[in-house]
Amino acid sequence: MAPSGSRSIKRGCQRVLYWIPVLFIALIVAWSYYAYVLQLCIVVYLLVYHVVFIMFVWAYWQTIFTKPMNPLKEFHLSHSDKELLEREDRGESQQEILRRIAKDLPIYTRTNSGAIRFCDRCQLLKPDRCHHCSVCDKCILKMDHHCPWVNNCVGFANYKFFMLFLLYSLLYCLFITATDLQYFIKFWTNGLPDTQAKFHILFLFFSASMFSVSLASLFIYHCWLVCKNRSTLEAVRSPVFRHGTDKNGFSLGFSKNFRQVFGDEVKYWPVPVFSSLGDGCSFPTCLVNLDPEQPSSPTGSNPANKSFMRHD
């Protein structure tokens with residue numbers, strides 16, 4: 001077994017390495033700002049450019065530094081429940097204990113075998129749509145994926161920010177590509193003066209157009225997920241309910257699915273501030289055959305109502 005000092009050094013090195021993709025994007029954005037603002041320097045374009053640039057950086061910042069939300073304390077095992085679970089060495093006996101605890105919680109999804117979803121690392125019953133992130137080493141509410149480009153988990157707390165980050169970064173790249181195109185053409189027809197700007201114009205167009213393609217495909221995919229009210233993990237593996245697998249179990253129709261992520265107030269939709277509905281632990285479903293004895297939330301309120309309240 002490695003000494004604790006070696007583990008600490010290894011973990012510190014991993015944390016530094018995780019920031020490399022973020023640093024790479026930051027350097028690309030900083031260079032693009034220099035190339036566009038200082039080299040091209042077209043006043044009319046700069047007005048629109050800075051609006052898109054500010055929204056892009058704001059959304060990116062929010063995606064990176066918004067801490068993922070973890071399950072409420074009601075989902076964590078009490079000390080007595082932990083001891084009781086540890087004393088049982090049979091899987092079925094442990095499941096009986098977990099089922100007893102789960103009866104007081106709004107948990108409707110199960111494992112593929114029909115068992116209660118339990119996290120050994122965090123010692124908690126997983127809320128619906130919650131998954132354990134091996135990188136963060138935490139259970140993340142409505143986890144979508146762990147994104148190396150933001151060095152953060154994308155989940156309930158920052159999924160709206162991630163969507164806006166994709167949108168504004170795509171608009172940013174498309175705007176640069178469109179406004180730089182005429183100078184790119186002049187570059188190949190020798191219509192540009194032989195200055196340092198020629199280099200930046202060439203590579204600015206190439207980088208912006210290439211990022212536009214990848215960002216467009218990723219943004220379209222996540223728009224589809226929002227419309228279906230699915231996470232990336234749920235698109236890969238459909239959630240399992242008591243009656244079986246149902247890929248559309250959380251889908252409420254396009255309008256309600258969209259509002260689950262962006263909220264009810266239209267004025268907040270384009271702004272990188274939190275406005276998603278619910279608490280991240282319970283979600284309304286389209287299913288009609290849920291267990292009537294199962295409570296809808298840790299406090300006993302209806303999830304359909306609770307999930308459509310503003311989360312402040």
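Including glycine, each Cβ sits where the backbone N, Cα and C put it.
Database features (TrEMBL):
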- 294-305: compositional bias 'Polar residues' (COMPBIAS)
- 116-237: domain 'Palmitoyltransferase DHHC' (DOMAIN)
- 292-312: region 'Disordered' (REGION)
- 16-36: transmembrane segment (TRANSMEM)
- 42-61: transmembrane segment (TRANSMEM)
- 161-179: transmembrane segment (TRANSMEM)
- 199-221: transmembrane segment (TRANSMEM)
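For the domain 'Palmitoyltransferase DHHC' (116-237), the mean pLDDT of the prediction comes to 92. With a threshold of 8 Å between CB atoms, the same-chain residues lying at least 6 positions outside the transmembrane segment (161-179) that come near it are 32, 36, 40, 42, 45, 48-49, 52-53, 55-56, 59-60, 62-63, 66, 144, 147, 150, 154, 204-205, 208-209, 211-212, 215-216, 218-219, 222-223, 226, 261-262, 270, 272, 274.
Across the domain 'Palmitoyltransferase DHHC' (116-237), DSSP assigns 67 helix, 16 strand, 39 coil.
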